[in-house]
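Here is what Swiss-Prot says about this protein:
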type: BINDING; residues: Asp65, Asn67, Asp69, Glu76; note: Ca(2+) 1 binding site
type: BINDING; residues: Asp101, Asp103, Asn105, Ser107, Glu112; note: Ca(2+) 2 binding site
type: BINDING; residues: Asp143, Asn145, Asp147, Glu149, Glu154; note: Ca(2+) 3 binding site
type: DOMAIN; residues: 15-50; note: domain 'EF-hand 1'
type: DOMAIN; residues: 88-123; note: domain 'EF-hand 3'
type: REGION; residues: 187-209; note: region 'Disordered'
Amino acid sequence: MGNGKSIAGDQKAVPTQETHVWYRTFMMEYPSGLQTLHEFKTLLGLQGLNQKANKHIDQVYNTFDTNKDGFVDFLEFIAAVNLIMQEKMEQKLKWYFKLYDADGNGSIDKNELLDMFMAVQALNGQQTLSPEEFINLVFHKIDINNDGELTLEEFINGMAKDQDLLEIVYKSFDFSNVLRVICNGKQPDMETDSSKSPDKAGLGKVKMK
């Protein structure tokens with residue numbers, strides 16, 4: 001289990017001592033060593049969601065399940081924690097891209113981005129932009145060859161060159177509350193104050209390195 005590639009590539013690792021604490025906590029919660037999708041949603045308090053919101057959470061879980069066996073084991077779980085603690089926005093964008101690329105073909109089309117936007121909208125509430133406005137804005141700015149699809153290179157480079165667009169994308173796909181529960185709610189050595197700012201959780205810093 002957990003032998004797939006890490007979620008975000010070359011990311012900052014959790015210190016060894018903290019990893020041991022995480023491991024004990026994970027095994028206390030999940031004695032089998034595996035977390036199911038239902039347990040993931042229970043952990044986050046995300047029961048009774050509508051279909052669109054459920055789709056978004058399912059996709060988040062699937063990106064954590066790197067070896068695609070239907071479970072999240074400890075190595076996959078700690079990789080997710082590493083991502084949350086990662087300060088490099090480029091690494092987060094790589095994960096965003098993987099999240100939006102629903103069919104896993106290495107590119108994002110308008111329908112995939114639209115589906116994910118609407119799923120997050122159902123989870124987080126109404127956005128400033130309509131789904132159509134958001135999709136048109138993103139593709140107008142960063143679909144360099146106008147083929148109706150975004151490659152990973154186009155996605156990351158486009159965001160790096162347009163801070164305003166980066167802010168819009170970050171806010172429009174803000175699932176920091178979902179991820180923060182994992183980080184703050186399950187790590188004994190960290191603060192668990194629900195009012196903790198996104199910056200302190202490493203989620204609100206929109207910067208490229």
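Every residue, even glycine, has its Cβ placed from backbone N, Cα and C.
Here the features listed in Swiss-Prot are placed on the structure.
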residue : record                : contacts (Cβ under 8 Å, 6+ apart)
Asp101  : Ca(2+) 2 binding site : Ser107, Ile108, Glu112
Asn105  : Ca(2+) 2 binding site : none
Asn145  : Ca(2+) 3 binding site : none
Glu149  : Ca(2+) 3 binding site : Ser107, Ile108, Asp109, Asp143
Glu154  : Ca(2+) 3 binding site : Ile142, Asp143, Ile144
Exercise for review: Starting from each candidate's C-beta and looking 10 angstroms out, tell me which of the binding-site residues Asp69, Asp143, Asp147 has the most other C-beta atoms.
Suggested key: Asp143
Practice item. Rounded to the nearest Å, what's the C-alpha distance separating Asp103 (Ca(2+) 2 binding site) and Asp65 (Ca(2+) 1 binding site)? Just drop the number here, would you? Key: 15
**Study point:** Listed in sequence order, residues with CB under 8 A of Asp65 (Ca(2+) 1 binding site) and six or more positions away
**Key:** Phe71, Val72, Glu76
Exercise for review: Mind giving me a neighbour count for Glu76 (Ca(2+) 1 binding site)? Other Cβ atoms within 10 Å of its Cβ, every protein chain shown.
Suggested key: 23
Revision key, fill the gap. For the binding-site residues Asp103, Glu112, the largest set of other C-beta atoms within 10 Å encircles the C-beta of Glu112
Check your understanding: Tell me, by DSSP, whether Glu76 (Ca(2+) 1 binding site) is helix, strand or coil?
Key -> helix
Study note, to complete from the structure: Note: among binding-site residues Asn67, Ser107, least Cβ-dense neighbourhood at 10 Å is Asn67
Check your understanding: Could you count the residues of the domain 'EF-hand 1' (15-50) that DSSP puts in helix, in strand and in coil?
Key -> 22 helix, 2 strand, 12 coil
Exercise for review: Pop the Cα-Cα gap between Asp147 (Ca(2+) 3 binding site) and Asn67 (Ca(2+) 1 binding site) into the table, whole Å please.
Suggested key: 31
Check your understanding: What other residues of the same chain, not counting Asp143, Asn145, Asp147, Glu149, Glu154, have a CB atom within 8 A of the CB centroid of the Ca(2+) 3 site?
Key -> Ser107, Phe139, Ile144, Asn146, Gly148, Leu150, Thr151
